[in-house]
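Asker: The following block contains the structure, expressed as structure tokens.
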């Protein structure tokens, strides 16, 4: 919180703030998920080796950087390296027909694997986000109901996002027979992940505020839903532009995304200003 930050830190240089933001990014679960996102965005017929190679390289870099910074070895980081290394070895050890099959279905395989990791970690009572959270929270809070609930809920949100991505990819590959379909291969899957990421940033403050109110302690107001949706509305504009540029649907649909995105952002910004007053 701001009151605990030294005055010198509040006036730090842009370079230092950027470095601190990068460090905060490295401390979160996004580092363990980034290689999977890279694979999901770039995989497709003829692109599996490059996508998996980049994902493996990112996985190794994040694990090495984590250890170099004195952080613990994360389960998700180990799974990342093992999965992508195994994926590449399998690809080079099977025949051409098998490689073609993998190139079509690897996105769904990856998303289902992530669903299993998320659900499995919750069943094992170690939701995969908790290793990252423990490094940001004092040990005395690790077993509190709020801390545990936050990690279970956020891990569940990621599991749902991966499931939506898997279903969308399956629909594009199996029903539409179009692995490169803009909506099933990119828009829906990316939207699911962005929603999970934004929920990860928004929900902890909500849970803490609700817990404080329930316990009769002074607390900040519960963050409103608009703080969850406002950053997501920004993405409606680029989705509309991409829809128009790549002929991903009727012209009116792309224009509608842009208009709704601009209008929603303006409305949310105005409401935020009124609340601040």
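Just so it is clear, glycine is given a Cβ too, placed from its N, Cα and C backbone atoms.
Automatic, uncurated: that is what TrEMBL annotation is.
Heads up, here are the entries from TrEMBL:
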TRANSMEM  21-42  transmembrane segment
TRANSMEM  48-68  transmembrane segment
TRANSMEM  75-94  transmembrane segment
TRANSMEM  109-130  transmembrane segment
TRANSMEM  150-171  transmembrane segment
TRANSMEM  183-204  transmembrane segment
TRANSMEM  225-245  transmembrane segment
TRANSMEM  251-268  transmembrane segment
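So where do these features actually land, and what's packed around them?
Answerer: Long-range Cβ contacts of the transmembrane segment (75-94) within its own chain (Cβ-Cβ under 8 Å, at least 6 residues beyond either end) map to 29, 31-33, 35-36, 39, 48-49, 52-53, 55-56, 59-60, 62-63, 66, 102, 106, 110, 113, 117, 121, 126, 128, 131.
Residues 29, 33, 40, 107-108, 111-112, 114-115, 118-119, 121-122, 127-130, 133, 183-185, 188-189, 192-193, 195-196, 199-200, 203-204, 207 of the same chain lie 6+ residues outside the transmembrane segment (150-171) yet bring a C-beta within less than 8 angstroms of a C-beta in it.
Residues 28-30, 33, 37, 40-41, 44, 107, 111, 129, 150, 153-154, 157-158, 160-162, 164-165, 168-169, 171-173, 176, 223, 227-228, 231-232, 235, 239, 242-243, 248-249 of the same chain sit 6 or more residues outside the transmembrane segment (183-204) yet have a Cβ under 8 Å from a Cβ within it.
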Asker: Can you tell me which parts of the same chain pack against the transmembrane segment (225-245), counting only residues 6+ beyond its ends and a CB-CB cutoff under 8 A?
Answerer: 182, 187, 191, 194-195, 198-199, 202, 251, 253-262, 264-265, 268-269, 271-272
